[in-house]
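Residues annotated as transmembrane segment in TrEMBL: A:20-42, A:54-73, A:147-170, A:182-204, A:224-247, A:267-285, A:355-375, A:395-415.
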Protein chains: 2
Amino acid sequence: MINKIFSLEQIRVFKNLLRWTVIILPVSIVIGSMVAFFLWALNLSIHYRFEHPWLLYFLPFAGLLIHFSYKLYGKTSEKGNNLILDEIHTPGGGIPKRMGPLVLVSTVITHLFGGSAGREGTAVQIGGSIAHMFSKWFKLDTKETRMLLTAGVAAGFGAVFGTPLTGAIFALEVLTIGRIQYFAIFPCLIASLIGDLTVSAWQVHHTTYRIDTFDIPNYFETYFSLNILLLTKVVIASIAFGLSSLLFAQMAHRLKKIFLSLFRKTWIIPIIGGTIIIILTLVLGKPDYLSLGVDAEYPGAITIPSAFKEGGSDTWSWLWKTIYTSVTLSSGFKGGEVTPLFYIGATLGNTLSSLLNAPVGLFAALGFIAVFAGATNTPLACTIMGVELFGGEYLIYFAVACYTAYFFSGHAGIYSAQKIWARKG
Amino acid sequence: MINKIFSLEQIRVFKNLLRWTVIILPVSIVIGSMVAFFLWALNLSIHYRFEHPWLLYFLPFAGLLIHFSYKLYGKTSEKGNNLILDEIHTPGGGIPKRMGPLVLVSTVITHLFGGSAGREGTAVQIGGSIAHMFSKWFKLDTKETRMLLTAGVAAGFGAVFGTPLTGAIFALEVLTIGRIQYFAIFPCLIASLIGDLTVSAWQVHHTTYRIDTFDIPNYFETYFSLNILLLTKVVIASIAFGLSSLLFAQMAHRLKKIFLSLFRKTWIIPIIGGTIIIILTLVLGKPDYLSLGVDAEYPGAITIPSAFKEGGSDTWSWLWKTIYTSVTLSSGFKGGEVTPLFYIGATLGNTLSSLLNAPVGLFAALGFIAVFAGATNTPLACTIMGVELFGGEYLIYFAVACYTAYFFSGHAGIYSAQKIWARKG
């Protein structure tokens with residue numbers, strides 16, 4: 001009986017998992033190392049601009065440089081994250097090897113000259129293109145290539161934010177709106193764990209965020225473990241988070257179209273985009289919305305960490321960051337959308353917390369994950385990210401915020417290659 | 001442009017969510033109240049037996065009573081959780097209204113006389129049958145009925161363990177091996193939140209567990225945020241957790257078949273089952289493996305909370321609980337498998353922690369969630385349960401444990417009505 005219970009199935013599963021571990025190991029060490037290098041270079045370039053603020057005036061030329069690099073050497077790299085998603089959905093089109101290095105250098109240049117962008121796009125593209133390279137070397141079949149590519153995305157994402165489980169779930173959840181399949185959960189989990197470990201091994205560290213403790217005033221009875229009034233405020237704020245995801249996705253899509261219809265000579269677009277950023281910064285009189293928004297250029301600057309404190313953000317900071325980032329990315333600069341989405345969410349959360357008389361740290365954290373959840377249609381990954389970044393105490397609020405934002409962000413997220421399995425409601 | 005961005009879609013989604021909130025509210029308040037009553041009655045019956053241990057000798061007769069209650073009044077209720085899952089997969093067969101009260105009373109009787117069983121089955125059946133009742137009253141169509149039933153399962157599960165997010169994810173994840181669909185995430189989340197709140201409102205409390213803090217000895221470099229040696233131990237232990245899930249599921253299935261083939265008069269089965277439990281308890285000389293296993297019958301008894309401490313469990317406690325519970329449930333007693341699975345996991349974790357020289361609290365917690373994950377094929381819900389019960393600090397170990405156990409538990413979990421979307425590997 002024991003023999004029949006522990007049948008050959010377990011041995012087959014074991015072999016299969018072992019095989020994937022062996023395949024994933026080198027892939028994710030390479031991805032993790034490249035992401036570590038990227039984070040190091042990015043940090044250097046951001047702080048170099050802090051000391052040399054005049055670099056901003058060269059942003060249009062930096063855009064021109066990136067534009068022509070992609071034009072001349074990029075092949076299909078221009079399609080970015082969507083190329084990776086397309087290749088996972090229907091392998092065959094291929095991903096150019098140069099995609100990784102190209103997006104890495106372009107992102108660093110974007111940030112060196114003050115473009116408002118993120119870094120997840122870069123990490124995902126590094127992950128996807130390296131995984132694709134290995135899938136050729138290992139001569140994997142179509143199904144296995146899909147798994148390895150998905151794992152590459154997980155490794156890149158997990159490594160760049162230091163959130164391994166989020167990376168694994170994100171890679172599976174981002175493919176299709178409305179469901180998650182477990183087909184690649186094991187490779188993804190291994191890949192993002194090793195990716196994250198590799199970054200740590202290179203001694204590259206991530207920003208840590210903290211939600212200040214707060215007393216929940218108890219309007220109802222003391223025996224409620226959940227506070228209904230706070231939950232209601234979270235839902236209201238999260239509808240706003242979802243709508244701001246929608247605004248971001250639409251603004252980026254439409255600006256790109258508008259630029260393309262206005263300028264037939266596409267190299268003019270980055271010059272215009274860079275110039276708009278310069279003008280905006282001169283008009284606003286402060287550089288807060290440039291670049292990543294994590295480290296402060298000067299004491300008192302509005303950053304993601306500052307948004308977790310009262311007074312750490314202006315009322316309209318979220319809107320300015322939306323405009324800055326849409327302009328930057330739709331005019332051909334490189335990076336990603338996620339860190340700007342964190343910024344938009346955290347500052348909007350800050351603003352809403354004073355409107356709703358709610359704890360600022362919690363609402364900044366909710367905005368941080370929920371705006372991202374809405375824009376990428378990955379509510380589960382973002383709920384998990386909440387736990388990985390801020391701890392498990394507020395899990396249920398994280399889930400409510402991410403799913404509410406997801407429902408209100410429409411179906412056209414920032415990744416056009418995402419498929420729709422089921423409408424939202 | 002603003003008008004076009006915030007199109008009618010958001011208003012439609014809003015209306016839809018509002019409609020579901022209104023539908024869910026009464027359903028989950030009723031479910032939550034019935035679960036609260038169940039938990040109260042269950043607690044009473046368990047402690048009554050503690051004071052009157054001779055009740056155990058009437059276990060065979062209690063089994064007989066349950067057997068004939070189901071035979072005479074049960075209609076299709078005998079199919080238990082599988083009936084609910086079947087009805088969600090293909091609505092139409094119906095769920096008898098009496099299922100809820102019947103399983104509630106039978107479970108309380110099972111525990112009053114010392115049967116080794118759980119409570120999630122009861123909660124899920126209460127949730128499913130009440131939701132089905134409301135779906136008739138509300139005249140919902142097939143698709144909506146599926147959603148409401150799923151939400152009912154979420155409400156029951158979330159309420160019985162005080163883990164709302166786990167309840168919602170469990171209800172969606174348990175339906176099909178290999179994927180999660182979001183079709184009912186909103187009703188599920190609302191339902192399990194309100195179910196949980198209702199239980200709190202009735203002042204019924206849940207057991208709290210605590211993982212003692214431990215120093216992770218750092219065998220590698222200090223800059224690893226994750227400890228590779230500990231992770232390896234977690235993987236080894238989790239393979240054992242997965243195999244023990246498999247053992248449990250197989251033993252329960254096979255014992256049922258053996259009983260049915262041996263006794264053509266099925267009413268003999270509960271008498272035999274009850275007698276085996278009595279004999280086992282006399283042979284072992286202690287009542288630790290009877291009933292739920294959460295509260296201690298005497299100081300020093302082996303319980304789930306005691307397994308979190310060094311020496312709080314015997315080497316083979318997990319195997320005894322597996323045998324006790326398989327015998328109890330396969331001979332017609334009622335309850336559920338989940339709390340016994342928690343017990344098996346926590347005690348196996350305790351045993352493995354001394355074999356592997358690993359932190360006992362952490363490994364008890366990992367076993368707690370991972371054996372359950374393997375037996376029900378719900379690794380994600382169990383990962384989340386880890387956070388809801390033990391906090392977010394060990395999230396990544398929770399995920400690795402649950403998914404590893406899931407991979408090694410085979411495809412025949414404890415719910416035969418579960419569909420397979422994709423093989424595990």
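Including glycine, each Cβ sits where the backbone N, Cα and C put it.
These numbers come from a predicted model, not from an experiment.
Residues 20, 23-24, 27-28, 31-32, 35-36, 38-39, 84, 87-88, 91, 95, 119-120, 122-132, 134-135, 138, 140, 180, 183-185, 187-196, 198-200, 205-206, 376, 378, 380-382, 384-385, 388-389 of the same chain sit 6 or more residues outside the transmembrane segment (A:147-170) yet have a Cβ under 8 Å from a Cβ within it. Tertiary neighbourhood of the transmembrane segment (A:54-73): same-chain residues 48, 98, 102, 105-106, 109-110, 112-115, 266-267, 269-275, 277-278, 281, 287, 290, 331-334, selected by CB-CB distance under 8 Å and a gap of 6+ residues from either end. Between the transmembrane segment (A:20-42) and the stretches A:182-204, A:267-285, A:355-375, A:395-415, Cβ pairs under 8 Å are most numerous for A:182-204. Using a Cβ-Cβ cut-off under 8 Å and counting only residues 6 or more beyond its ends in the same chain, the transmembrane segment (A:355-375) has close neighbours at 209-212, 214, 216, 230, 233-234, 236-238, 241-242, 244-246, 248-249, 304, 307-310, 312, 318, 337-338, 341-342, 344-349, 381-383, 385-386, 389-390, 394, 397-398, 401-406, 408-409, 413-414. Proximity of distant same-chain residues to the transmembrane segment (A:267-285), defined by a Cβ-Cβ separation under 8 Å and at least 6 residues beyond the stretch ends, is recorded for 56-57, 59-64, 66-68, 71, 113-116, 259-260, 320, 323-324, 327-328, 330-333.
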